[in-house]
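J.: Straight out of TrEMBL:
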BINDING   F90, I91, I92, Q93, H94, Y152, R156, T293  substrate binding site
BINDING   H279  heme binding site
REGION    1-49  region 'Disordered'
Amino acid sequence: MSKSPSSASGHHDTPVDTAPAQGGCPFGHQSADTAAGDAKASQNAPADATQWHDAQLDFSKSMSYGDYLSLDPILNAQHPRSTDHNEMLFIIQHQTSELWMKLALYELQAARSAVHNDELPPAFKMLARVSRILEQLVQAWSVLATMTPSEYSSMRPSLGSSSGFQSYQYRILEFMLGNKNAAMLKPHSHRPDLFQQVEAALNAPSFYDEVVRLLARRGFAIAPSRLERDWTQPTPHDATVEAAWLEVYRNPSQHWELYEMAEELVDLEDAFRQWRFRHVTTVERIIGFKQGTGGTNGAPYLRKMLDVVLFPELWHVRTLL
Ligand code: HEM
């Protein structure tokens, strides 16, 4: 559509036009002249409800933001079971955490394949992203911490026996990071589709197991029992793996990629530990030492989880340097 002289000067008489204003900046900003003309026009004429800064305003025939992002199902998936004001915060905090976990898993799975194929630079990029996701989840605890014990107590009955303990994505994340525990499959047995996914993560080598295989491919003498083992068991401490990391840290310039991998992994575990820590402190702040909705003894259970070490040799080797 061609631009009429009147709309080009900023006077929005009819006919209405959606083409870029002449003299306007290519990023959608108008020139000073045009803006001044607009200001004058807005004093004299009613605002034109069919045009705004050349933006597309009609989505009857094309995909909109909400369409692309499937916002209808997402924004209609909050169903508080009480009239308690604070239940919405509780639901959205968990739902957003699950969305970020989805991305973390997506990145970790791709990073594991990249390591398997010896493509380390893309793996570093993805690992860095997972660490930033975890850092963001650490910060997110501050929002939940605005909930007081009295506020939680009044919505607690709505939760029934549901608990983050039953998060299948969280369990897959733990398994992918090597914290294997077959007992954690059980909460998913009522959902065969989810059970299958969690079980597959239990049975598969963890991300770190792939990295240990990488060490072997790069010429380090890794014990055969570490390269093929029962993957359903948690990550063992292995002397040959620790010796490999020691060599890497003593001669970073000779093993730069492995050195970078080691630091990416420490970054990731550091962020994960902080997430666990903020969880337990937020929980203590809100429910004290009450039992969890999932049936554990609550804060003491979560404190015990602070002792989990995902990449044991990478922490031990520091003492030797
Ligand atoms: C007021 C807020 C919260 C309270 C009081 C709380 C409390 C608890 C408690 C007591 C447990 C131990 C299991 C149980 O007996 O239930 C637990 C586990 C868990 N919670 Fe939370 N939680 C809160 C918020 C969250 C949020 C926002 C998330 C994010 C997804 C989350 C994720 C988890 C996960 C993944 C576990 C399992 C941890 C593990 O097994 O190591 N929690 N929570």
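Positions of Cβ are set from backbone N, Cα and C atoms, glycine also.
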J.: Q93, R156, T293: which of these binding-site residues put a Cβ within less than 6 Å of any ligand 1 atom?
T.: Q93, T293
J.: Take the C-alpha atoms of F90 (substrate binding site) and the residue listed as 'heme binding site' and report the distance between them in angstrom, rounded.
T.: 14
J.: Enter the number of other CB atoms within 10 angstroms of the CB of Q93 (substrate binding site).
T.: 17
J.: Reported as an integer number of Å, what is the Cα distance between Q93 (substrate binding site) and H279 (heme binding site)?
T.: 12
J.: Express the distance between the Cα positions of Y152 (substrate binding site) and H279 (heme binding site) as a whole number of Å.
T.: 15
J.: Could you tell me the maximum Cα-Cα distance in Å between the residues recorded as binding substrate, namely F90, I91, I92, Q93, H94, Y152, R156, T293, rounded to a whole number?
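T.: The two farthest binding residues have Cα atoms 18 Å apart.
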J.: Which secondary structure state does DSSP assign to Q93 (substrate binding site), in the simple three-class scheme?
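T.: It is helical.
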J.: At a 10 Å cut-off from the C-beta of F90 (substrate binding site), count the other C-beta atoms across all protein chains.
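T.: The answer is 19 other Cβ atoms.
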J.: Any idea what the Cα distance is from R156 (substrate binding site) over to H279 (heme binding site), rounded to a whole Å?
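T.: Per the Cα atoms, R156 (substrate binding site) and H279 (heme binding site) stand 17 Å apart.
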